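Trainee: One structure is given below, represented as structure tokens, and several questions about it will come after.
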Amino acid sequence: MYSNRKECPRRVKSFDSVNSGLDENQINNEFNKSTYIKIEDNKEYSENVCERGKASVIFSLKNEIGGLVKALKLFQEKHVNLIHIESRKSKRRNSEFEIFVDCDSNREQLNEIFQLLKPHVNVISMSPPENFTVQEDDMESVPWFPKKISDLDKCANRVLMYGSDLDADHPGFKDNVYRKRRKYFADVAMSYKYGDPIPHIEFTEEEIQTWGTVFRELNKLYPTHACREYLKNLPLLSKHCGYREDNIPQLEDVSRFLRERTGFTIRPVAGYLSPRDFLAGLAFRVFHCTQYVRHDSDPLNTPEPDTCHELLGHVPLLAEPSFAQFSQEIGLASLGASDEAVQKLATCYFFTVEFGLCKQEGKLKVYGAGLLSSISELKHSLSGNAKVKPFDPMVTCNQECIITSFQELYFVSESFEEAKEKMREFAKTIQRPFGLKYNPFTQSVDILKDTKSIAMVVRELRHELDIVNDALNKMNKQLGV
């Protein structure tokens, strides 16, 4: 538990509130014995002072005489000045009490005390020194990541395949007209910069027919296969963005719609991005979206994500606040993470956002975009023949992702909220020397690597809580409470 003493002075409790197992005289005697804890100035102490600041430590001792003196002696041995000490009854166990200590220390001293206290206490938490910051050496090992939404210009064009570069087994490989069209879409995406309106596309008759076939066949399955959130948002897209069998929606219209619903925006992309670059976009509520249409020789199948997949699979759920938050949090967890961690996050994304199932009213429903844009696999996933397991990020992150055929296994969540909570816990296992907080006002990420930046977040949270408290008070007055 962190406590910023400078921002929130704490009232000292009397020792009368401490568990009766240690009476007032015993506790006062222990404090009298510990008066030597204050460190006198000396040469050794002065030479070891660096980057000092006020820090707070909370530890819980068992009900035994002498335990407090033993613990406080560790501070003396490490030449740490104690500024303030107080006790309080433990909320965890009646047989224990907690000691709160304000001290003047640097990072190294605090780490040493933490290690020394652990064998002797049951609970321990601490806040770092007020002027603590992550060392630059720790930051140098962190992979580059975008700090603000405009930084996506630096990574959105790092596509793995470009324009007319198609694999030999692609349906359009020998179709020069199709390849030329693909290059056109790629050039449009490569020319796009943050803040630009997405160019209006005049789709060909063949492209509209292909879209219409996919749209018509999938809409036959959605009422029985898609989750309720998808079914709620699809009619809104028809109304506001022109989702129709005879019309391919424009990305600019879709982007404006999403911005009003969940804050997500669309950015055109020329092709496949690396997992790191794609997830980075999600951190800023930006979805990289292709505009090209699959080849008309096989409209019900595509070897790669196309605009049918993006607009019919992803967009309806990006218009759902809870799902949008889930997607963004996966993106935020990826920023500055190691390659191994990013791959695990990408795999979890694949088996949730792309191929996820959920339970609604006792039945399995689909929310994964890869399923919602594939007629054959959408049928298969709920046929009863597909293998299904509960979503667990620690397990899911090791599952093989299959692109050329149906998945061997699908993961089911009770709800988006459950999946989000599990991913939050999983994200805590990712090693980074800093924390991150998304700033929706500047569309940037705040890097939390020192006590000053963390204190600022605390102030913001207090303001938000004041607003909530004020609203509750007004409701209580209206209710006569």
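Just so you know, glycine gets a Cβ as well, placed from its N, Cα and C.
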Trainee: Among Glu260, Glu354, Glu361, which residue does Swiss-Prot annotate as binding Fe cation together with His309, His314?
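Mentor: The one candidate that Swiss-Prot places in that Fe cation site: Glu354.
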Trainee: Can you tell me whether DSSP puts Glu354 (Fe cation binding site) in helix, strand or coil?
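Mentor: For Glu354 (Fe cation binding site) - judged by DSSP and reduced to three states - the answer is helix.
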Trainee: In sequence order, which same-chain residues at least six apart have a C-beta under 8 angstroms from Ser373 (L-tryptophan binding site)?
Mentor: Val214, Leu218, Cys308, His309, Leu312, Gly313
Trainee: Which are the residues of the chain, His309, His314, Glu354 excluded, whose CB is within 8 A of where the CB atoms of the Fe cation site average out, their centroid?
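Mentor: Neighbours within 8 Å of the Cβ centroid, excluding His309, His314, Glu354: Pro305, Glu310, Gly313, Val353, Gly368, Ala369, Gly370, Leu372, Ser373.
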Trainee: State the Cα to Cα distance, in Å, between Arg294 (L-tryptophan binding site) and His314 (Fe cation binding site), rounded to an integer.
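Mentor: Cα to Cα, Arg294 (L-tryptophan binding site) and His314 (Fe cation binding site) are separated by 16 Å.
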Trainee: Give me the Cα-Cα distance between Ile403 (L-tryptophan binding site) and Glu354 (Fe cation binding site), rounded to a whole Å.
Mentor: 11
